[in-house]
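A quick write-up on the structure given underneath.
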Amino acid sequence: MEEDESTPKKKIDSQLNLPPSMNRPTVSLESRINRLIDSNHYHSPSKPIYSDRFIPSRSGSNFALFDLASSSPKKDGKEDAAGSYASLLKTALFGPVTPEKSDVVNGFSPSRNIFRFKTETQRSLNLYSPFGSDEAPGVSPSPVKSPRKILRSPYKVLDAPALQDDFYLNLVDWSAQNVLAVGLGNCVYLWNACSSKVTKLCDLGVDDSVCSVGWSLRGTHLAIGTSSGTVQIWDAVRCKSIRTMEGHRLRVGALAWSSLVLSSGSRDKSILHRDIRSQEDHVSKLTGHKSEVCGLKWSFDNRELASGGNDNKLFVWNQHSTQPVLRYCEHAAAVKAIAWSPHVHGLLASGGGTADRCIRFWNTATNTHLNCIDTNSQVCNLMWSKNVNELVSTHGYSQNQIVVWKYPTMSKLATLTGHTFRVLYLAVSPDGQTIVTGAGDETLRFWNVFPSPKSQNRESEIGASSFGRTTIR
């Protein structure tokens, strides 16, 4: 039995279960449904379609790339859900173009995702690729480490009356027992960095003066080079002289310890090795310099001795040689600044005076010249940090500055100023964090420049409780 035209309309309305107050839409519901499922995706040409982050804009989607809209396989009239999911997963990982073997070898440029939003955000392919990045997805890269801050002013200043302004002398040294020795005129004073107590160790008299001081490795004995050419050994704990050794004809401006062997350099151009256990004043004599020996340093393994002289030469000696085994003649001025690296075996740094102004690096194991840095200023001292691969240099004419360098780039970490005369003297604290500098302005200045072995931000404890300015005698 056929039904009249009103019957389908009522049936549809009842199926929709619309409220009585709601008017039936002017456009048939059936036509709207057909438009929504139509593969052509009907939309009004006058109004753009906006979509939120959860519902993609189908008009801007590129489903045809994977044949999802028209040619996807069907089973019983339904799309293959597994195949569609696999295609979408590939697209999410690799973009619209799935990489082939040739793409992996030659590289491929990912295009935009098949889902297109009104506001697109580009995301790096490496964020999802298991091979393109070391970072896990969703994990931000580690922050860039900020450079260490170095205070530009000394935390303590000691007045040091009669501290000589002489480039060729070495009048300041810091012991392993945390005691600073300073030669002032004809006297030697000891300053305890823990208690700030000052002790007068000796007085050489009016006819002699102090030209160099050097602590033994354990910090219990102090060697003193004099203007008369003698070398005195003192027990610093008991403040008692142990012995006086002859051998040099002129002043002794450089001292260096190697275990129980003390080496001394003199204006008489010679270097003497002294074994304090021997009754002899010296056990061997080294000759080679043509002018005063003003720089002297043993390597950390006690196998090599480096010497610098006013003849602009840098020599390297072994334990048994009486003639230099390596000769370096590149400097154009006196070589006082000498420092062995505690980090690299055979790495030696040297600095030249006013006519040279350069810091040079040498590999004594291969006998090669590694690098040269023009500092534009007289190089008075060099010292490596034992905690990090950095070194500090002190300078004279014309800026009287202190520079902390990063090795091997030799980038400047800090430039410290404050001395009004050449910074002729330099020593480092036993913990490796603090340096003390001395100058002809008769002051000793303490700077925190190097980090500690455990923390690069911890302040040095040395002298921290005695901030201020005092006198050493």
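Any Cβ shown, glycine's included, is placed from N, Cα and C.
Some features that TrEMBL has for this protein:
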type	residues	note
COMPBIAS	1-13	compositional bias 'Basic and acidic residues'
DOMAIN	158-447	domain 'CDC20/Fizzy WD40'
REGION	1-25	region 'Disordered'
REGION	454-473	region 'Disordered'
REPEAT	286-327	repeat 'WD'
REPEAT	416-449	repeat 'WD'
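For the domain 'CDC20/Fizzy WD40' (158-447), the model's pLDDT averages out at 96. For the repeat 'WD' (286-327), DSSP puts the residue distribution at 0 helix, 20 strand, 22 coil. Here the repeat 'WD' (416-449) has, by DSSP, the following mix of helix, strand and coil residues: 0 helix, 19 strand, 15 coil.
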